[in-house]
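A.B. asks: Dropping a structure here in structure tokens format, bear with me for questions.
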């Protein structure tokens with residue numbers, strides 16, 4: 001049978017022969033044998049023009065939107081905060097970071113009240129009040145001499161190892177609620193008489209005090225842990241608080257035992 005013009009057999013379609021017309025773009029369908037009742041044969045010849053370019057273009061990352069005015073002002077306020085604190089500290093003055101932050105935040109709220117209102121609604125005020133109250137309470141205890149009293153009690157213990165354990169435990173317990181740097185500044189002078197007597201190695205005791213005071217910093221009552229809880233999604237905050245609380249309280253007990261056993265005791269035997 002001679003194929004009519006415009007039609008092609010299956011073999012011709014496969015090799016691009018049997019048709020003088022220009023090749024079609026996209027799928028080419030032929031139905032040979034349809035007149036004889038046979039099934040039609042469909043041949044597909046390559047994708048349509050422009051398809052490859054469309055798929056390649058879809059892989060490109062979307063362009064990031066430009067910074068808004070309030071975002072630029074916020075970054076500027078952060079730079080001003082850091083610069084002012086560094087400049088005042090270099091000049092021998094003690095900057096009040098809280099007052100500077102409130103002043104810059106007030107300016108940002110006045111510039112864009114809608115964004116300021118939305119930001120205030122996202123602040124975890126319960127965490128802010130908790131940390132503020134604990135810091136105030138621990139500050140009162142330090143002013144009254146409670147930390148010094150605990151340190152003196154630890155120093156009066158006859159056994160140097162037990163005294164080191166108590167000092168490390170006091171450092172970890174208080175540091176879970178207050179500044180680690182401030183606690184070390186109060187406890188290291190109390191440990192110096194133990195070091196001066198020759199009962200304990202100085203480097204080992206100071207290192208144990210520092211690590212014991214630092215491993216509890218993720219407690220939800222400290223600044224670091226409270227920031228982590230406040231930054232977490234609202235539905236994850238209770239679980240995160242429990243995890244950090246268990247870690248912090250366990251380190252108050254486990255930390256001194258491990259560090260005194262790993263640092264102080266071996267150094268005493270040397």
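Think of each number as a place in line: the chain as shown, counted from 1.
Cβ coordinates come from backbone N, Cα and C, glycine included.
Heads up, here are the entries from TrEMBL:
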- 1-58: region 'Disordered' (REGION)
- 70-90: transmembrane segment (TRANSMEM)
- 97-116: transmembrane segment (TRANSMEM)
- 128-150: transmembrane segment (TRANSMEM)
- 162-191: transmembrane segment (TRANSMEM)
- 203-232: transmembrane segment (TRANSMEM)
- 244-269: transmembrane segment (TRANSMEM)
A.B. asks: Apart from its near flanks, which chain residues at least 6 from the ends of the transmembrane segment (97-116) lie with a Cβ under 8 angstroms of it?
C.D. replies: 69-70, 73-74, 77, 80-81, 84-85
A.B. asks: Pairs of Cβ atoms less than 8 Å apart decide it: which stretch in 70-90, 128-150, 203-232, 244-269 has the most with the transmembrane segment (162-191)?
C.D. replies: 203-232
A.B. asks: Is the transmembrane segment (203-232) packed against any residues at least 6 beyond its ends, judged by a Cβ distance under 8 Å, and which are they?
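C.D. replies: Here the qualifying positions are 123-124, 127-128, 130-131, 134, 164, 167-169, 171-173, 175-180, 183-184, 187-188, 191, 194-195, 240-241, 244-245, 247-249, 251-252, 255-256, 259-260, 263-264, 266-268.
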